[in-house]
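These notes are about the structure you will find just below.
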Amino acid sequence: MRLNSIKLSGFKSFAEPTNFLLPGQLVGVVGPNGCGKSNIMDAVRWVLGESKASELRGESMQDVIFSGTTTRKASSRASVELVFENNDHRAGGAWSRFTEIAVKRVLTRDGTSSYYINNQPVRRRDVQDVFLGTGLGPRAYAIIGQGTISRIIESRPEELRLFLEEAAGVSKYKERRRETEHRLSDTRENLTRVEDILRELNGNLEKLEKQAEVAQKYNALLGDTTLKQHQLWFLKRSESEADQARVRADGLQAVNDLESRTADLRHIETELETIRQAHYAAGDQVNQSQGRLYEASAEVGRLEAEIRFVVEGRQRVEQRLATLKEQVGQWATRRDDAQAELETLAEQGEDAEEKAELLAAQVEEQALQLPDLEDALRQAQQKAGEQRATVTQVHQQIQVLAAEQRNVEEQSRQLEQRRERLSADRNALAAPDEARLANLREQLEESQEAASEAGARLHDLQESLPRLDDERRGRQQAVNAESARQADLSARMEALKALQDKVKTDGKLQPWLARHGLDGLQALWTRLQVEPGWENALEAALRERLGALEVGRLDLVRTFASDAPPAKLAFYSPPVAGAPAGDAALPRLIDRLRLHDAGQRALLADWLHGRYTAASLEEALAARAQLRPGESIHVPEGHAVTAHGVDFYAQDSEQAGLLARAQEIDNLEKQLRAQALIGEEARSALVRAEAACADASQRLVAARRDATEAQSRAHELQVETLRLGQLAEQVRARSEQIAADLGEVDALLDDLQERRVTAEARFEELDMQLADSQERHAQLDERVIDAERRVNESREQQRSLERQAQEATFARRSLESRRAELGRAIDTAAQQAGSLASEEARATEELARLSDAAAQGGLQAALELKAGREAALGAARSEYDDLTTKLRASDERRLQLERALDPLRQRITEFQLKEQAARLGLEQYDALLTDAQADLEAVARSIAAGNVRMTGLQGEIDRGNREIAALGAVNLAALEELGTARERKTFLDAQTADLVEAMTTLEDAIRKIDAETRELLVGTFNIVNGHFGRMFPELFGGGNAKLMMTGEEVLDAGVQVMAQPPGKKNQTIHLLSGGEKALTAIALVFAIFQLNPAPFCLLDEVDAPLDDANTERYAKLVAAMSKETQFLFISHNKIAMEMAEQLIGVTMQEQGVSRIVAVDMESALAGL
């Protein structure tokens, strides 16, 4: 398998259709930098399937399309085609039977990328399958780009292993392993989904089992906790009753003690007030004396400060006068020194001025001579350059003519060979069987239709399975939510019913009703239906009448006078007609009731006569002016407004809220019936969703298998059909093409003969021109050398004079600057001397003004006044202190009495609080026991029988309540749900076992593939290592090298290169030079070639880092390997160019557009 040609069109800089013919085994590509040589390598990478733009030296894949120049428009598409000769049938897959394979890739501006094999559209993967195991590919070791050699040798061990895998041909094993892993991944996903369902189901099973246990514990815990609660309340009630009597007696004794101590306190307070008034007067006298003393002290301080200021001022002025005298002397000395230096510098400045003028004149004279010498040099250089251009032009003409002549000879030889090949091809053409081709096309249509149907089924199942799984999860969540809601509703309704039953069966009235045979009668509230929101209003209006019992005749009630009911109780007998309607224009409360019994309606109309309704309290207050005596307006909250008052309603007993609870119980019963239906529907939907999910999983596995088999069958038939169809089309087209090509070859041979004769005559003419031009060029070169010498001498002399003139000028300017600086210094000294003299005079005047005589006289008088006021203050303070002592003693006696009263008051308050707490406790526990309908005698007997103590009883109750609360809501349907869940678990367990078995089978297949791959890699590594150890000394002229595995597991281990050139003992290849690294990488690549030679190899400036000696060894090795492998290399090295059998020159005469010129080196050398 060899590469015959590379066809480019619109790819990067190859704007025009360009055909690289590669007839030889060693083809070199040459040309200047930037002409587009490396674009050929990029084209091969691209057509073999490269999809990463950075590997093609671009930012996006659109960069491979010719982007235009200043004179050309951009191309709309890029096309690259590789034409292979496959006589050895080395290509992979169904295309191996073709003797010629054309692989083509086309990319358009809209991003559409298409692949073709023999003009048949294929996938990118099909192109890669053709070259599997051949060492070819977009990033295989057979394509070595710029800098790739150094990257190979410096690659990480894991990256270097990829080259070894490609050489070993394990690509097909990796592909099989990848497909198996994909199927294994799908199986694991299915297993994960089933396990998720199982985990969720196991959680539900555990929950259901726990709920069944909870139902059994609930009743036992509730009964035990209720009994202990009643016992605790009874014990606390008895304790509160005893505490109340004891605390009341202690409180009376404390009140008597408080009244006695209060009388003693009032006597002490009267005595204390008299002493306090005298103490206030003495304090005022002390404050006045203290103020007068402060005034005298302030005057003394002021005079002393004035004297200190005068003394300190005189000292400061005297120090300043001494400093000024010293500074006047220093400035006088500076002025004299500057005057002497100024006279010396005046003499030096005159000498510097004379020297600078003399050097300036010499520089000017030398500058006038230099232009003439430079003009003479330019004229000589111009003539020599013109003659050199003439010689170069003649040389180029001769070289172009020689290349053209070699090209003519090569083209003639190629045309002769082409004519022979065309004749042989025409004789070897054979058309395929048309009947077989038609049969294959029918089979292909059927298989494609089957594959399409299987793919559609697989796609539908892949989309439906996640949806079904989500639906199953949603159904499960719905079942859980509905069960929880049903339990909440049931618990709420049971609690409300228990409360209603408690009201119905009043503990006090029930025995009395049973005794009189009235226990079967229903209370009035059980027959009422109230408009929602008005229950409290009706309860507030009817009060005890809500529990009234209906009797046929009210005369029966007379018999109850001797045996009155033990609690409030009302009876009624329905009247025939109700009371008349009121006169107020307001909504009536009776209208908020829905009654079907006329007697009851008449009764309630009488009871609710004059009772109206309003939406709010504000509205009722606004309408109260319409009410008559005895009438009222009721609001939804139960409050009532009369003409002159407002009654606020509050639920003050257990019977409060009867109607609202009854309404809520009716609503809850309806909701429970609806909720039961909803829960059953949710559970049915869950079962259906789980069954659908499991069935979809099984159908997905089968559909994936069917789709894979159908696609494989369709692909095989498509490849075979394409092959036969293309073969038939190729035979026909090839016959026509051969005839046209033979005619074209004959015409080209005649044209080449005419060009050969013309070129020989032109050779003789150019040889004569070259000899004459070279002789004239030598003479002109000697003239240029003499003129350059004279110009250089003149320039050097001028630079010396200019440097001396600059130095003289600098010295003169420095002297002038110093003289100006000294003048300024003299002026500054004079100014400073004058300023200091003025300051000295001002200081002398200030010293005369400073005197402290007046302040000394005033200070003595102020001290005498201060002493007198200090004596008066001492007397006032003595009197004040005596009164303070008396006041403190009286106040202490008062405080002692007050402190004695506080404990008494606190004791009285404590006794009152304790007595109130005991009373409230007694009432509270009575109410709790009554509300709980506890039998006090039975509770007392249980306490006595069990010797129950209050200590620890509350802890037992709390523990019982916590245990009840911990049980949560009781699910009565737990057993039925538990059976359904267990049946479903059995089905899922069986499905899990099937999936685990499938996973085991796939894992065994992966292990078998790994074993085969491992064996192949080990063998390949040993062979490549041997070739590498042999080729390294051959390229380096000595030394040794080897490959090493970096891990124990062959499939994961990297490959590390160890190389030691002759005379070196380095431990790592990173210590080698760039050329040594490149040569080591070349040895490694060629060692891989020895194992599995690629059909062709592309080398892009691999020899760039090599010196001449290494390049020669490299060239010899490449030439030797070209017997097995075709080489296409790019190089700027002359030694590498010499080994080429054919040179392809890439030029860019038009900016941005690459073109080629091909030369056969053997034919060209044979013609010289």
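Backbone N, Cα and C atoms are what each Cβ position is placed from, and that goes for glycine too.
What TrEMBL says about a protein is an automatic prediction, not a curated fact.
Taken from TrEMBL, the feature ATP binding site covers Pro32, Asn33, Gly34, Cys35, Gly36, Lys37, Ser38, Asn39. Taken from TrEMBL, the feature coiled coil applies to 170-255. Annotated compositional bias 'Basic and acidic residues' per TrEMBL: 406-424, 462-474, 791-805, in sequence order. Annotation comment: TrEMBL describes 3-1154 as domain 'RecF/RecN/SMC N-terminal'. Residues or ranges marked as region 'Disordered' in TrEMBL: 406-430, 462-487, 791-810.
Gly36 (ATP binding site): 23 other CB atoms within 10 A of its CB, across all protein chains.
Per-residue pLDDT, averaged across the coiled coil (170-255), gives 77. Sequence-distant neighbours of Pro32 (ATP binding site) (same chain, 6+ apart, CB under 8 A from its CB) are Thr1147, Met1148. Listed binding-site residues: Asn33, Ser38, Asn39. The one with the lowest count of other Cβ atoms within 10 Å of its Cβ is Asn33. Within 8 A of the CB centroid of the ATP site residues Pro32, Asn33, Gly34, Cys35, Gly36, Lys37, Ser38, Asn39, the other residues of that chain are Ser13, Gly31, Val1146, Met1148, Ser1154. When other Cβ atoms within 10 Å of the Cβ of Gly34 (ATP binding site) are tallied across all protein chains shown, the result is 10. Around the Cβ of Lys37 (ATP binding site), 24 further Cβ atoms fall within 10 Å across all displayed protein chains. Other Cβ atoms within 10 Å of the Cβ of Cys35 (ATP binding site) number 20 in total over all chains.
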